[in-house]
Amino acid sequence: MGRLGYWTLLVLPALLVWRDPAQNAAAEKGPPALNIAVLLGHSHDVTERELRNLWGPEQATGLPLDVNVVALLMNRTDPKSLITHVCDLMSGARIHGLVFGDDTDQEAVAQMLDFISSQTFIPILGIHGGASMIMADKDPTSTFFQFGASIQQQATVMLKIMQDYDWHVFSLVTTIFPGYRDFISFIKTTVDNSFVGWDMQNVITLDTSFEDAKTQVQLKKIHSSVILLYCSKDEAVLILSEARSLGLTGYDFFWIVPSLVSGNTELIPKEFPSGLISVSYDDWDYSLEARVRDGLGILTTAASSMLEKFSYIPEAKASCYGQAEKPETPLHTLHQFMVNVTWDGKDLSFTEEGYQVHPRLVVIVLNKDREWEKVGKWENQTLSLRHAVWPRYKSFSDCEPDDNHLSIVTLEEAPFVIVEDIDPLTETCVRNTVPCRKFVKINNSTNEGMNVKKCCKGFCIDILKKLSRTVKFTYDLYLVTNGKHGKKVNNVWNGMIGEVVYQRAVMAVGSLTINEERSEVVDFSVPFVETGISVMVSRSNGTVSPSAFLEPFSASVWVMMFVMLLIVSAIAVFVFEYFSPVGYNRNLAKGKAPHGPSFTIGKAIWLLWGLVFNNSVPVQNPKGTTSKIMVSVWAFFAVIFLASYTANLAAFMIQEEFVDQVTGLSDKKFQRPHDYSPPFRFGTVPNGSTERNIRNNYPYMHQYMTRFNQRGVEDALVSLKTGKLDAFIYDAAVLNYKAGRDEGCKLVTIGSGYIFASTGYGIALQKGSPWKRQIDLALLQFVGDGEMEELETLWLTGICHNEKNEVMSSQLDIDNMAGVFYMLAAAMALSLITFIWEHLFYWKLRFCFTGVCSDRPGLLFSISRGIYSCIHGVHIEEKKKSPDFNLTGSQSNMLKLLRSAKNISNMSNMNSSRMDSPKRATDFIQRGSLIVDMVSDKGNLIYSDNRSFQGKDSIFGDNMNELQTFVANRHKDNLSNYVFQGQHPLTLNESNPNTVEVAVSTESKGNSRPRQLWKKSMESLRQDSLNQNPVSQRDEKTAENRTHSLKSPRYLPEEVAHSDISETSSRATCHREPDNNKNHKTKDNFKRSMASKYPKDCSDVDRTYMKTKASSPRDKIYTIDGEKEPSFHLDPPQFVENITLPENVGFPDTYQDHNENFRKGDSTLPMNRNPLHNEDGLPNNDQYKLYAKHFTLKDKGSPHSEGSDRYRQNSTHCRSCLSNLPTYSGHFTMRSPFKCDACLRMGNLYDIDEDQMLQETGNPATREEVYQQDWSQNNALQFQKNKLRINRQHSYDNILDKPREIDLSRPSRSISLKDRERLLEGNLYGSLFSVPSSKLLGNKSSLFPQGLEDSKRSKSLLPDHASDNPFLHTYGDDQRLVIGRCPSDPYKHSLPSQAVNDSYLRSSLRSTASYCSRDSRGHSDVYISEHVMPYAANKNTMYSTPRVLNSCSNRRVYKKMPSIESDV
């Protein structure tokens, strides 16, 4: 150091200490001062001012210290000069810390600084040169920190370099330089505890103080290509020179040294060979200025932390001069706060040994230009290297290059080259893979990146390994950086071809297609794989058509099934059953039950439909043999049809996968993609042979597909599956592999891998390469030995190719069954429309169809009548004016029917029946026109004292809804045979049989009009009336009385509990209140008659009649009684408005004859018919003439003589016109079932009862056939000849029909045998079926030539009264519980206990008075037994006339006339 430098050191302390007194005072009050010295070697291009300016106000912001930087440059850095400068600086400036950097590569500098620090306790930072070099065995009390890495950290990086390049075999060479033991120990420990397959062959420790001969002997032990060297830089020169003489430097040897050997990178000894690898502290990216700044930051940060914690900074030693004393270690030093320091966002922490925790190390190599080159970086425990393949350097000019080690480039493309990550545990490549390096970009803008170690395998990798063993070469494998095969762009080749052309690689191995353009710049080997261009498409899930469930059969088959076969077969079954002699009552055969179950076309279609689909639906099976055969054949057809449908259904319900069909590159989809909607989308990977081929041969196609090109094969596969691409054009070998290994096998190649522009894959070598011939011979050998075929089977065959014939089943989704759900939805919509139309028709439109709107016969009636006329050939005379369809019109028609009768029976000796009348018959004035007034709805009845009959006040409101409620709640009223308004028992005028007198009240009750099909021709009625009696003018109705009281004249409400659903229309009638009855009232006249003079069972009317009989010209009375309901309906009476419930309830006694032997001696008279009354045939007893209905078989106590006296009259009457039929011997207790000739002729005009077509062809029953069996108690249980047997058929007779008792020539068709047996078991009425018909006639001989046509009158099998019927529940049952027990109940309940022969001969008739009492009182029930009564009228016509229903009768008749209209 010169004189100037010496004087500077003497004056500097004085300058630092001297201050102005004011400044000293301020300093005492200000923050504590921190003095830091910076000493650098003079060789650095930096001045002291620049060093002081490195710490400015911006760095001191936020610090509680006043930092003073003292900068000093030194010319010499030898140990003596270094100690002198530091001691002088400490004596003058009292520094707290020192930042030291030199430009030497001598580790002695670090040792001197460590000594000073341990003596003065001043923290010293060695930031550069020898001060930062590795130092072993530091003083424990030292506070010396270095910007460098420890021996262990550098050894770790050296092993990482060998691991990345797979240099697992190595040798270790060291000297006795301090720290070598630590280095050897760490290497051995790491190798022994690592999963990497390290092989440390030799550990050689040299002593350079001996002769060179011994060094050479030890170096000759090295047989590995990788050598780790730990020594000083001077020792390394000696060792490397000896290694060169031994041939241990060159292409195949890699020397790796720590930073001790490299030292100062600017000083490179000539003995260092090219390719020498060193791990050094980063001098390239970490400048000296940055290191100084970081050193200052570390010291100030540690001082601030100490000040914050202890509120003081330790004072430094004033001088290092003086007598040596034993140093005392302070309790708290700055060293403790320098271990964990973070400055300027960087972790600058130090270890306990004084080295950085995260040093910035780099890998440098001595290149061929003899310069250190940075090739890698260690940062954050990660090593990144520049070269994918470590470059082979020519160490010296006299070294020969090694041509057997090749650099090979490849391209990732499965299955030829598959790239995988290294094993995370061993950090190496597993078996059957080779190491390969892949370049990964870190910064896309600067293309900066790093090579990452990967593992490669695949078809081409296996070929490469075979070639390496056969041809004898080694290689380094790396992946092409741009991921392309090779294309010439701007006269520059890229991809694998570019690597070979520009000699960065010796050869290129992979899926490289041989073509003419590439062959011009590189040499190709023989093809090892045949390939070309192919097209890959994706299978798309096909949609299932909504009509898929119909596709198992063609449209013609469905038409034949549902239109032809079903309809035709149903019609055939119906026709066979219609005309079958043993079928249902649909063929109008003679003798069949007129209202039995019918077999319609609808039932036939329903039966066949149920058979087709095996539905468990209730059907009605035919009974005819022919129709059964037809149904059986249809059932066999249904089995075949359904089985065939089920077998083919699965094939049409699955989703068929759709694949685009492409024939080749010339396909229209490729050449004219815009012709499709949407346009056909296809593409390829650019810069390949496929794109070049398309560009050269199909320019338009190439121009179109550029927008759909893909970056790689994997991206193309994803685009195919997601629908972004319709077709992918690429190498056939790759596409076949991808199709075979695709998950789900959704990707397929067209034509099962059809190839266009066939070519092959080859290995590209540099032009004129000496390896070409050897590689060609090896490849041909592989093909000949079958090794190539084995590799193809291993890598190129996929699992999808083996599963082409496998059937894959899947669950049916909603798309598969969509058509069936659509059909159900359509059916529900159609049902809703039908439901709305049904209600619209019922409430709005049906009146016009039934003729209410036009006051003419309705359309349905006309169609039904026309069908009947066509089938039976009956001429129906058109009327000029249709009958009135209101209530008055119905009564007028019945009046004309009564007037058209030839004779009216003159009945006398009317018995006082159970007519609960509040008024006597004598109170009324006899008027011949009473019927006309009643029918005309005038209500002009008067008493004998000229008082008007007062109507009752209505107990119900005038609201029509109440009436509709009553109609809806009615239970047992049969509106088809309802009574007239104010109706009461008929009293026939005895003196004048042509006049009718009826006791009628003015109470207006709504009655139903008869069915239109039962109406008689107005012309015929008029003609008959003219022949018998002129038509009275009273039956001409006024216009105001022609009102429509019913909504429909065709359908009449039936009994809800009894009616048949198929034939009943429950419609409410409109009640009409007469004008003259609004304010009339009547008195409650319930009386109990005194039965002293007259019979006890006579009512008031009967007794009144008997009293006045002597002065009356009447001779006969015809009354009809039916069963009565118990008194007082809790539910309002139907069709009654003016009703007053009596306060005192009385139940009339029931007259019954308890003598079972009465009249058993009577005989049957010959059959005759007299239009007039047969007075001779009448009994002499006037008391009970023709009105003995109160006496039944229960009257066992009556004497025979009394019964003979009371029931001695032997004539019957016409049930319609009431004319007498006296020639028949029999006493009738109720209305006759027979008609006269006139009524028979009139009844045939509009009546379309099917029974009219039945001719009585049965043979007359002989006496033996009829009376051949003897019954027990024959005389007591004989049928009384005066007991008329009238059978009443309930609506449930259609369910259980009565067998034919009389006509044995025709079988019964009531029910099927199976149902009959089920119903007969344990049935109270089951005995009816088993009684012989011959027993029904007793022992009397038949007097009729045609047999007993009793089957025309069916008797209900079930009890007639609700109390005896276990299946019905009436409102009367509830009434009895509320009001009390009816006096007639004992008789009603005792009836079923009679004899067996009597149980099935009993019928219940509702008395006329039960519904027609003047005060609408409650009714009582009577039970009478009837004779089995044959018809007495001569059957001189073709048709037998059914019973005419008229409104004057109160008999409950549930039998409904059949209608073809209901079946149509």
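Numbering starts at 1 and runs along the chain as it is shown here.
Cβ atoms are placed via backbone N, Cα and C, with glycine included.
Within the same chain, residues at least 6 positions away in sequence whose Cβ sits under 8 Å from that of Arg518 (L-glutamate binding site) are Gly486, Ile497, Leu512, Phe524, Ser689, Ala764. Annotated L-glutamate binding site per Swiss-Prot: Ser511, Thr513, Arg518, Ser689, Thr690, Asp731, in sequence order.
The compositional bias 'Basic and acidic residues' annotation in Swiss-Prot covers 1033-1043 (among others).
Residues or ranges marked as compositional bias 'Basic and acidic residues' in Swiss-Prot: 1052-1061 (among others).
Sequence annotations record features per position, and here Swiss-Prot assigns compositional bias 'Basic and acidic residues' to 1070-1083 (among others).
Annotation comment: Swiss-Prot describes Cys87-Cys320 (among others) as disulfide bond, evidence class experimental evidence.
Per Swiss-Prot, disulfide bond is recorded for Cys429-Cys455 (among others). Counting only same-chain residues six or more apart in sequence, the Cβ atoms lying under 8 angstroms from the Cβ of Cys455 (disulfide bond) belong to Val419, Glu420, Asp421, Ile422, Cys429, Val430, Thr433, Val434, Pro435, Cys436. Cys455 (disulfide bond) carries a strand DSSP state (E or B).
The disulfide bond annotation in Swiss-Prot covers Cys436-Cys456 (among others). There are 25 other CB atoms within 10 A of the CB of Cys456 (disulfide bond), with all protein chains counted.
Counting only same-chain residues six or more apart in sequence, the Cβ atoms lying under 8 angstroms from the Cβ of Cys800 (disulfide bond) belong to Ala739, Gly740, Arg741, Asp742, Cys745. Taken from Swiss-Prot, the feature disulfide bond applies to Cys745-Cys800 (among others).
Residues annotated as N-linked glycosylation site in Swiss-Prot: Asn75 (among others). The number of other Cβ atoms within 10 Å of the Cβ belonging to Asn75 (N-linked glycosylation site), over all protein chains shown, comes to 11.
Non-local neighbourhood of Asn340 (N-linked glycosylation site): Ser349, each in the same chain, at least six residues away, with C-beta under 8 Å from its C-beta. In three-state terms derived from DSSP, Asn340 (N-linked glycosylation site) belongs to neither a helical nor a strand segment and is classed as coil. The N-linked glycosylation site feature in Swiss-Prot is assigned to Asn340 (among others); the stated evidence is sequence analysis.
Annotation source Swiss-Prot lists N-linked glycosylation site at Asn443 (among others). The Cβ of Asn443 (N-linked glycosylation site) has 8 other Cβ atoms within 10 Å, all protein chains considered.
The N-linked glycosylation site annotation in Swiss-Prot covers Asn444 (among others), and the record cites sequence analysis as its basis.
Sequence annotations record features per position, and here Swiss-Prot assigns N-linked glycosylation site to Asn541 (among others).
The Cβ of Asn687 (N-linked glycosylation site) has 20 other Cβ atoms within 10 Å, all protein chains considered. As annotated by Swiss-Prot, N-linked glycosylation site applies to Asn687 (among others).
Residues annotated as phosphoserine in Swiss-Prot, with a large-scale study or a structure entry given as evidence: Ser882 (among others).
Annotation comment: Swiss-Prot describes Ser890 (among others) as phosphoserine.
When the C-alpha distances from Thr690 (L-glutamate binding site) to the recorded positions Asn75, Cys87, Asn443 are tabulated, the minimum falls on Asn443.
Between the candidate disulfide-bonded residues, Cys87, Cys429, Cys436, Cys745, the densest Cβ environment within 10 Å is the one around Cys436. Within 8 Å of the Cβ centroid of the L-glutamate site, not counting the listed residues Ser511, Thr513, Arg518, Ser689, Thr690, Asp731, the chain contributes His485, Leu512, Ile514, Asn515, Thr531, Gly688, Thr759, Tyr761. There are 25 other CB atoms within 10 A of the CB of Ser689 (L-glutamate binding site), with all protein chains counted. For Thr690 (L-glutamate binding site), other Cβ atoms within 10 Å of its Cβ number 23. Taken over all pairs of the listed L-glutamate-binding residues (Ser511, Thr513, Arg518, Ser689, Thr690, Asp731), the Cα spread reaches a maximum of 16 Å, rounded to the nearest whole number. For the recorded site, Cys745 (disulfide bond), the DSSP three-state label reads coil. Just so you know, the Cβ of Thr513 (L-glutamate binding site) picks up 25 other Cβ atoms within 10 Å once every protein chain is counted. Mean per-residue pLDDT, taken over the region 'Pore-forming' (599-620), amounts to 80. Secondary structure from DSSP puts Asp731 (L-glutamate binding site) in a beta strand. When other Cβ atoms within 10 Å of the Cβ of Ser511 (L-glutamate binding site) are tallied across all protein chains shown, the result is 27. Of all the Cβ atoms in the protein chains shown, 27 others lie within 10 Å of the Cβ of Asp731 (L-glutamate binding site). If you take the Cα of Asn75 (N-linked glycosylation site) and the Cα of Ser511 (L-glutamate binding site), they are about 64 angstrom apart, rounded to a whole number. For the region 'Pore-forming' (599-620), DSSP puts the residue distribution at 12 helix, 0 strand, 10 coil.
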